[in-house]
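Features reported for this protein in Swiss-Prot:
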BINDING   15-41  NADP(+) binding site
BINDING   Ser146  substrate binding site
ACT_SITE  Tyr159  active site, proton acceptor
Amino acid sequence: MTHKATEILTGKVMQKSVLITGCSSGIGLESALELKRQGFHVLAGCRKPDDVERMNSMGFTGVLIDLDSPESVDRAADEVIALTDNCLYGIFNNAGFGMYGPLSTISRAQMEQQFSANFFGAHQLTMRLLPAMLPHGEGRIVMTSSVMGLISTPGRGAYAASKYALEAWSDALRMELRHSGIKVSLIEPGPIRTRFTDNVNQTQSDKPVENPGIAARFTLGPEAVVDKVRHAFISEKPKMRYPVTLVTWAVMVLKRLLPGRVMDKILQG
């Protein structure tokens, strides 16, 4: 059985509202289109004003938000609360970027920026919006993690660290909200073709970090994630984790079966 995106209350239809960050393209945009088809009122969070206007023209409610800016997150949260009349059903924390390069080339400021966008911003936004969810006894909080939240590889230590943090945070939040009716899920994509690579910061341009060949062969489009996102939002029993792509499944199995040194050799290439 699934939840419907609308409820009948006192003779009126109330549309359930969800906020999606990182909505300008890729996983965020595809998920927004699908949840809109499912009947949700989608608040589409974007970092650039032009993208906010584009979301409005597509039938969404555009919200300007930069997760790297605490002030922007606060303003966006206030706007979402006002737009939903303090009644929000779901949050899809999807925005983020990758800081790639050997750890020896990454400064403290760069590491802080990686965590600010991928982790601290999602924490701040979720905590600001929880009061608009808790009184209603139901809801969904969905996080875009990554296969890099399960493993780390050379050149991706900063990005993986931010996703490891997101995994631990989501596990704790899920247990803390266990009696609230709000369910917490993690989406764990492997290699996905999106504009994410446009937002990758390379710390050594002469030695760029590239997708290994085996990952490139199993890269899927963002639509591969959409079914998982839909299930997380409308199923009465959403999963705690949704692995996406063969690469993620393989990593989960190999981590359980192989000694750490063997995994290191595989991941080092």
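If you go along the chain as it appears here, the first residue is 1 and each next one adds 1.
Including glycine, each Cβ sits where the backbone N, Cα and C put it.
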Under a three-state reduction of DSSP output, how is Gly39 (NADP(+) binding site) classified: helix, strand, or coil?
coil
So if I draw a 10 Å sphere around the Cβ of Leu19 (NADP(+) binding site), how many other Cβ atoms end up inside it?
30
Cβ atoms within 10 Å, counted per site: which of Cys23, Ile27, Leu35 has the most, among these binding-site residues?
Cys23
By a three-class reduction of DSSP, Ser146 (substrate binding site) is assigned coil
Where's the emptiest Cβ shell within 10 Å among the binding-site residues Gln15, Ser31, Ser146?
Gln15
Where does Leu19 (NADP(+) binding site) sit in the DSSP three-state scheme?
strand
Which of Gly39, Tyr159, the listed recorded positions, has fewest other Cβ atoms within 10 Å
Gly39
Cα separation, Ser31 (NADP(+) binding site) to Tyr159 (active site, proton acceptor) (Å, whole number)
23
Measuring Cα to Cα, how many angstrom lie between Ile27 (NADP(+) binding site) and the residue listed as 'substrate binding site'?
12
If you measure between the CA atoms of Ser146 (substrate binding site) and Leu35 (NADP(+) binding site) and round to the nearest Å, you get 21
